[in-house]
Amino acid sequence: MLPNLNRIPQVEQYVLDYLDDLQCQHFEGDIATNYADRLSLATDNSVYQQLPQAILFPKTVADIVRITKLANLPEYQSISFTPRGGGTGTNGQSINNNIIVDLSRHMTAILELNVKERWVRVQAGVVKDQLNQFLKPHGLFFAPELSTSNRATLGGMINTDASGQGSLQYGKTSNHVLALRAVLINGEILDTSAVNSVDVLENIDALELSESSKKLHQTIAQHCKEKRAAIIKDLPQLNRFLTGYDLKNVFNEDESEFNLTRILTGSEGSLAFICEAKLNLLLIPQYRTLINIKYRSFDAALRNAPFMVKANALSVETVDSKVLNLAKQDIIWHSVNELLTEDEKDPILGLNIVEFAGNNKEKIDRQVTALCRLLDEKIEHNQDHIIGYQVCSDLPSIERIYAMRKKAVGLLGNAKGAAKPIPFVEDTCVPPENLADYISEFRALLDQHNLQYGMFGHVDAGVLHVRPALDLCDKEQVKLFKQISDEVAELTIKYGGLLWGEHGKGVRSHYGEKFFTPELWHELRYIKTLFDPNNRLNPGKICTPLDSKDELYSILSPMRADKDRQIPIQIRDEFKGAMNCNGNGLCFNFDEHSIMCPSMKVSKNRVFSPKGRAAMVREWLRLMANENVSPEQLDFRKTEIKLTALVKRLSNTVQKWRGNYDFSHEVKAAMDTCLACKACASQCPIKIDVPSFRAKFFHFYHSRYLRPTKDHIVANLEIAAPYMAKQAKFFNYFTKLKVTQTLVEKTLGMTDLPLLSEPSLQQQLVEIHYQGKSLEELESLSAVEKNDILFIVQDPYTSYYDAKVIRDFVMLTQKLGFKPILLPFKPNGKAMHIKGFLKRFSKTAQNQAEFLNRMAKLGIPLVGVDPAIVLSYRDEYKEALQEKRGDFHVLTAHEWLKQRLQNADLQEKLKNIAKTDRTLGWYLFPHCTESTFMPNSPKEWQEIFGRFGQQLNVEKVGCCGMAGVFGHEVQNQKMSREIYDVSWHKKLHGKDPHFCLATGYSCRSQVKRYEHVVLKHPVQALLEVLK
C-alpha cells in the first residue's frame, strides 16, 4: 500500500496574509495556492524549475493595480512578482519562487481594431494565432512569426521582443508595437508611445503624463541622448538587435522621436506589468510561393543559404537531417511527404525552405522562375550538393510545410535515450556572412564532446537553433551544460554576435556584462533602478538595480532534473511518458478545433493539460521515492491489491472524506478531468500519452483508497451488456424513469445513460436473414472461399447500444458481394484500462488476444466498426501484453473497404450495383482517437466515398466531450458540454444532420443528447447510397 504524501512545501505565512488582504481589496481574478497549481507553473519551456508561492490570474488592469499597490505596504515589501504569458520561454523568464502573475487565463480580449489605419489594441494574454485568426477576414495580420504562435501570448512576445521566420523583412516584435499600457511596481499606470524628442528633453510638462511617468521619460531620454554615440558604436550591428534593454531604438533614426515603449519591449517583465498593447498590422500577402530545396548535407544547405537571400526571398529556413528524420517518425510527416519526396538511395540530409511573398504576382513569379533556373543549372552541373527542389504555391501546402518546421522544436525532444536535446544555446545570432564559419566552429565544439544535436532556423537572419542532447539527471553532464554555455557565449562574441538572438535572456542574463561595455551595463542597471529600485519585478533577470546586493540567476539555477534525479531509474522508465515531457506546451494550443487538449481548452487551467498532468505525476513519483517506495511497488505487474487491505483502504477513504491531505488527491483531480482521448499520444511532439500513465496512477491510488461504485459498473459493463440486451425492453423501461435517473445520479454519479438497442442486434440480423458459420465450417473452407469472407469483431457499444450500425455494415458488405461473419462477442477491456483496473485489463486483453489470434490464423480479415476499440488492439494491448499479444490485426471499417475497393473486379461490380444517381454532399466528423492515430483516415474515407460517386467533406473538429464514459459522469457535465460547444456544436450548426457522419459511437451519443438528432456512421451512408 502506498504512503500518504503530505510532506510538501507550504506557502509562507506573509504570502497568505498578502493574498487574504488582496481579496479584501476586491481583486476580481483567481488566486491559486494549491500544490498542483504551483507545480504547473513551476516550469516553462526551459530546463529550469522553481516552485512559486502562489499564482494570481488578474482579469483587468485594475486587478494588477490592486496587486502592486497592496504590495507597497511595508509588511509586503519582500514579495516579488513575475509576469507570465504562455510559458513558452526557453530560458526561465517566467518562473520564480515568489508570486507568478499569469495574464494568459483572463486577459485575452481584442479591445479595438482600426482597419483603415491598420492597428489593433489587445490585452497581453491574447495568443498570436488567435489575433491573426481574428484579423484574417480583414486582410490583415500581425507579422512576427514564431514556432509557438498557437500558444505564445502577445504579452510574452513583447516582453522577450520575439521574432522568427521572415524577420529580415518583418523585424522583431518591437518593430510593430505602437503603444503600451503597463503598471509600475508602485501601482501607477504607465502609457507609452512615440513622442516628440524635443518635448521630452526640454518641455516635458507639455506631455500629458503623470509625475512618475514624466520622470521616467525625461531621465531615460537624457541618458540615452548623452550616451548615443557609445550606444551606436558599442552594440552589435545585427538584424536581431540587442534588447533588454533596447538603448539604441528609444530614438528613431533622425532622433526626432523618443519612445519609451522600446525600453519595455524585451524587458522580460523586469520593469513593469505589460497589460495592453497597440500593435501595427500588415496586409496579408496575396501571393506566396515556397521552394523546398533538398540537399545531400546540412552544411551544403547552410552555405547555400546566402545565395537564396540574394534572390530577395522573404525568408530562408534551414533544417538538418536530425530534425527531418524525427519528423518522418511523427504524425506530421503524413501531411508533407508529398511535398518533400525523396529517393531512399539519395536521402534529404538538409533542407532550405525559401519563401517569396507579396501582392505583385508577376514579380513573385519572376523571382521564383529566376531562382528555379539557377537551381536547375546547379543540379545539372552537380553543384552545391543539391538533390532537387519542389515548388508549392497553394496555401494549404505552405501551411503544412511550416507546421512541420514549427513542430521541429518539439520533435527534437522526442529523441530516443536518456539524453534529450535541450535549449540553452539555441538562439545564438551572428552576422549572416559569418554564419557558416561560426556554425562550423560551433559544431566542432559539440563534436569534441561526442554530443548529438539538431539544427534548424533562420539562416537569412544569422540565427540557427541548436539543441545539444544532454542527460541533466547525470551531474557530470550538468557540468558539461555549463561548460558548453560558457564556450558558446565566447564564440558568439568572437563572431560579432549575441547569445540571445530570439528568445530573450532569462537565466542567461548573467552573461550580459560580456556583451555590453561597463558604461552601457551601468545604464541598464540605472534603468532598472528607475523602474524597480527594490528589485521586485522578475528579480534575477536582465540586470539588478544599482547598489543592489542581489545577484542574477546562474545558468545552473534549479532545474527540473534536480527533482527528477531523486526518482529511481526503474520508476522513470515505467513512467517515461510523464518523465519525458519537456514543457514545449503544444497542449496549450488555443485552436478550438484542434484535438489536444480538450480539458485545457475549456478550463484554461494548466493543471488540466498533458504538461500539467505530467508535472503532477513526476512530483508524485519523487515524493514516493522520498518515502522509500521501491520500483517493485510501482510496477503494477508485480503488485497485488489484497482483500485483507480492504479495512485499511476503508479507513484511508474515511480520512479522505474528513479532509486529510494527501498530494495523491491533487494528482487524481488532475487525472479525473482527462478524457483519455489519446490526442497527446500522437499530437504532442514528445508523445507523452497521459491515458497510459493515468491508468497506472489510478491502479496505485486505489490500492490505498476505495474505488467509487461507478468505476466497478463501468469496468463490468462489457460483462453485463450481453445479458441486459436479452431483456432490453425491461432495462430500458427503468432507465427512462425519472426516479431511476435521479437515483443513479445521486448514488452512482452517472447521468444520461444510453438505452440498449431495440430490437437487439440478434433480432435485427434475423430480420435481414443473416446466417453465420461455425468455426468447424470456417476451417474447412478453401482459400478461394475464404477470400469473400470477413470477420466482424464486435464491441460493446455498437453491438448493444447502436446495433443498427452493425446491421447496416453487414448489409453493406453483403451488397458488395462479401460474406460477413459476426464473431462471438468477447470483452475488449478498454473501460477497465481507462479506470485503472490494470490487472483485470491484462487478463481480459490476454483472453481476447488469444481468441483473435486463433481467428487470424484462418487467413480471414478481422474488421471492427468503432475506431476507439479497434485502435486499442494496437495501443493498450501492445503496451500491456507486449510479446504475448501475438500478431493479429483488426482493421477499421475504412481500412478494409479501402483494401477491397482497390480490386478491379469489385470496382467494376460497384459500377453495376444499383445506387443513387445523385452526388450527395456528406460531412465527416472523425473520432478524435482515429484522427490522431490514423491521420490519413479522413482522406481515405473521402477516397471510398469517391468510389461510390459521392462527395465527402471532412470537418476539422476537436474532441466531442463524451469520450466513452467521461460525458456520463455527473462531475464532468459542465466540462463535457463546454468541450462539445467549443467545436462540434459550431461545426454542426447549419448543416443537415442527415448528411453528417461520425465514426465514433461516443461522438454520435454526444450529438444525440445535445442536438437530439442521430448521426450515421459512414458505412450507413454508403449503404444508403447503394439503396
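The backbone N, Cα and C atoms fix where each Cβ goes, glycine too.
Note that the structure is predicted; figures quoted are calculated from it, not measured.
Swiss-Prot annotations:
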DOMAIN    48-284  domain 'FAD-binding PCMH-type'
BINDING   R405, H503  (R)-2-hydroxyglutarate binding site
DOMAIN    665-696  domain '4Fe-4S ferredoxin-type'
BINDING   C674, C677, C680, C684  [4Fe-4S] cluster binding site
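Taken through DSSP, the domain '4Fe-4S ferredoxin-type' (665-696) splits into 18 helix, 0 strand, 14 coil. Beyond its flanks by at least six residues, the domain '4Fe-4S ferredoxin-type' (665-696) meets 34-36, 330-331, 407, 409-411, 413-414, 574-575, 577-578, 580-582, 584, 586-587, 594-599, 603, 607-608, 610, 612-614, 616-617, 620, 636, 656, 833-836, 838, 841, 871, 875-876, 879, 928-929, 932-933, 935, 959, 961, 963-964, 966, 971-972, 975, 979 of its own chain at Cβ-Cβ distances under 8 Å. Take the CB of C674 ([4Fe-4S] cluster binding site) and look out to 10 A: across all protein chains shown you find 21 other CB atoms. Set side by side, the binding-site residues R405, H503 differ in how many other CB atoms lie within 10 angstroms of their CB, and the most is found at H503. For the [4Fe-4S] cluster site, the Cβ centre of C674, C677, C680, C684 serves as reference, and the other residues of the chain with Cβ at most 8 Å from it are C587, M596, C597, P610, L675, A676, K678, A679, A681, Q683, I688, D689, V690, P691. On the 0 to 100 pLDDT scale, the model's mean across the domain 'FAD-binding PCMH-type' (48-284) is 94. Calculated from their C-alpha atoms, the gap between R405 ((R)-2-hydroxyglutarate binding site) and C677 ([4Fe-4S] cluster binding site) amounts to 26 Å.
Ranked by Cα separation from H503 ((R)-2-hydroxyglutarate binding site), the binding-site residues C677, C680, C684 are led by C684. Each of the binding-site residues C677, C680 was scored by the number of other CB atoms within 10 Å of its CB, and the largest score is that of C677. Cβ contacts within 10 Å of C684 ([4Fe-4S] cluster binding site), excluding its own Cβ and spanning all protein chains shown: 28.
In the three-state DSSP assignment, the secondary structure recorded for R405 ((R)-2-hydroxyglutarate binding site) is helix.
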